[in-house]
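Enquirer: Could you have a look at this structure, given as structure tokens, before my questions?
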Amino acid sequence: MLPLEYQLTLTKQTEIAPSIYELCLTGDLAQQPIAPGQFVDIKIPSDALLLRRPFGIANVDRQTNTITLLYRVVGEGTTILSQCSVGTTLSVLGPLGNGYPIDQLAAGQNALIIGGGTGIPPLHELSRQLNAKGVHVQHVFGFATKAATFYEDHFRKFGPVAYATNDGSYGYQGHVGLLLDAQFADATTRYDAIYACGPKGLLMAVDNRFSEHPNAYISLEERMACGIGACYACVTKLKRDPSIQLKICDDGPVFKTNEVLI
């Protein structure tokens with residue numbers, strides 16, 4: 001089934017960290033069933049940019065009819081988006097992709113959420129939905145520096161957060177994999193589910209450490225064109241048979257650990 005196109009109104013836009021923006025969009029999309037980890041494709045308001053841009057959904061508020069996106073300004077498209085003012089109408093496709101499975105968890109169980117950089121935004125909606133189910137959530141996040149961190153207070157509402165920074169300016173010094181080894185060596189048995197999203201190195205660290213966990217999932221980040229699985233621009237390969245290609249935008253972006261080549 002093809003995703004629906006919505007005309008959403010920009011109701012808030014704030015730079016919350018260097019080059020990181022929080023964008024709130026209001027409209028009927030917020031009333032759709034949205035799994036944590038799904039994303040939207042936004043048409044940038046510029047005739048020169050034909051391809052939509054994908055953004056993970058950081059929060060869904062059905063009471064206010066609003067979805068929240070967090071994104072980093074990295075090129076022409078996101079620069080234009082960051083300059084859009086309140087009241088701007090944006091064409092949005094969604095919700096897209098397959099999200100994180102959470103129905104297998106019950107109240108009182110434990111989940112570990114691992115993220116880094118711009119992979120962190122969709123993990124907020126995941127944490128929110130898990131918390132609403134009564135699941136105990138532990139977050140492990142990696143950033144380059146303390147100045148690069150964002151949304152800490154939001155995540156702490158749902159569970160404790162352990163940080164790793166490359167320069168040691170906040171939390172553990174080193175990358176997330178080292179923090180996992182130092183403080184979460186028993187994660188495979190301690191947590192009923194493990195979820196991750198972030199840069200390639202982080203995903204490889206999670207995939208290697210939790211390849212045998214029955215409920216461990218990673219979300220791949222990739223440049224996309226159509227966002228609906230029609231163009232094969234964002235593919236990965238099945239680990240057990242690399243001749244089989246999977247579309248990250250459609251078959252993913254969420255996959256089980258040990259399922260795909262990273």
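Using the three backbone atoms N, Cα and C, a Cβ is placed for every residue, glycine included.
No curator has checked TrEMBL annotations; they are predicted automatically.
Pasting the relevant annotations from TrEMBL:
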- LEU70, TYR71, ARG72, GLY77, THR78: FAD binding site (BINDING)
- CYS226, CYS231, CYS234, CYS249: [2Fe-2S] cluster binding site (BINDING)
- 3-102: domain 'FAD-binding FR-type' (DOMAIN)
Enquirer: Taking the recorded FAD site as LEU70, TYR71, ARG72, GLY77, THR78, identify the other residues of that chain whose CB atom sits within 8 Å of the mean position of the site's CB atoms, giving them in sequence order.
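Expert: Output for this site, in sequence order: ILE20, TYR21, ARG53, PHE55, LEU69, VAL73, VAL74, LEU81, SER82, THR118.
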Enquirer: Round to the nearest Å and give the CA-to-CA distance linking ARG72 (FAD binding site) with CYS234 ([2Fe-2S] cluster binding site).
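Expert: Pair distance, Cα basis, whole Å: 20 Å.
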Enquirer: Measuring CB to CB from TYR71 (FAD binding site), give everything in the same chain under 8 Å that is also at least six residues away in sequence.
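Expert: In sequence order, ILE20, TYR21, LEU23, PHE55, THR78, LEU81, THR118, PRO121 meet the Cβ cut-off.
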Enquirer: Quick one: what's DSSP say for LEU70 (FAD binding site), helix, strand or coil?
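Expert: It is in a strand.
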Enquirer: In which DSSP state, out of helix, strand and coil, do we find CYS234 ([2Fe-2S] cluster binding site)?
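Expert: For CYS234 ([2Fe-2S] cluster binding site) - judged by DSSP and reduced to three states - the answer is coil.
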Enquirer: Would you count the other C-beta atoms found within 10 angstroms of the C-beta of THR78 (FAD binding site) for me?
Expert: 18
Enquirer: Going by DSSP, is CYS249 ([2Fe-2S] cluster binding site) sitting in a helix, a strand, or coil?
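Expert: Looking at the DSSP assignment, CYS249 ([2Fe-2S] cluster binding site) belongs to neither helix nor strand, so coil.
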Enquirer: Mind checking which of LEU70, CYS249 has the fewest other CB atoms within 10 A of its CB? They're the binding-site residues.
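Expert: Result for the binding-site residues LEU70, CYS249: minimum number of other Cβ atoms within 10 Å at LEU70.
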Enquirer: Which state, by DSSP, holds THR78 (FAD binding site): helix, strand or coil?
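Expert: For THR78 (FAD binding site) - judged by DSSP and reduced to three states - the answer is helix.
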Enquirer: Reported in the order helix, strand, coil, what are the DSSP residue counts of the domain 'FAD-binding FR-type' (3-102)?
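Expert: The counts are 11 helix, 50 strand, 39 coil.
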Enquirer: Taking just the CA atoms, what is the gap between CYS249 ([2Fe-2S] cluster binding site) and LEU70 (FAD binding site) in Å?
Expert: 18
Enquirer: If one measures from the C-alpha of LEU70 (FAD binding site) to the C-alpha of CYS234 ([2Fe-2S] cluster binding site), what distance in angstrom results, rounded to a whole number?
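Expert: Given the Cα positions, LEU70 (FAD binding site) is 21 Å from CYS234 ([2Fe-2S] cluster binding site).
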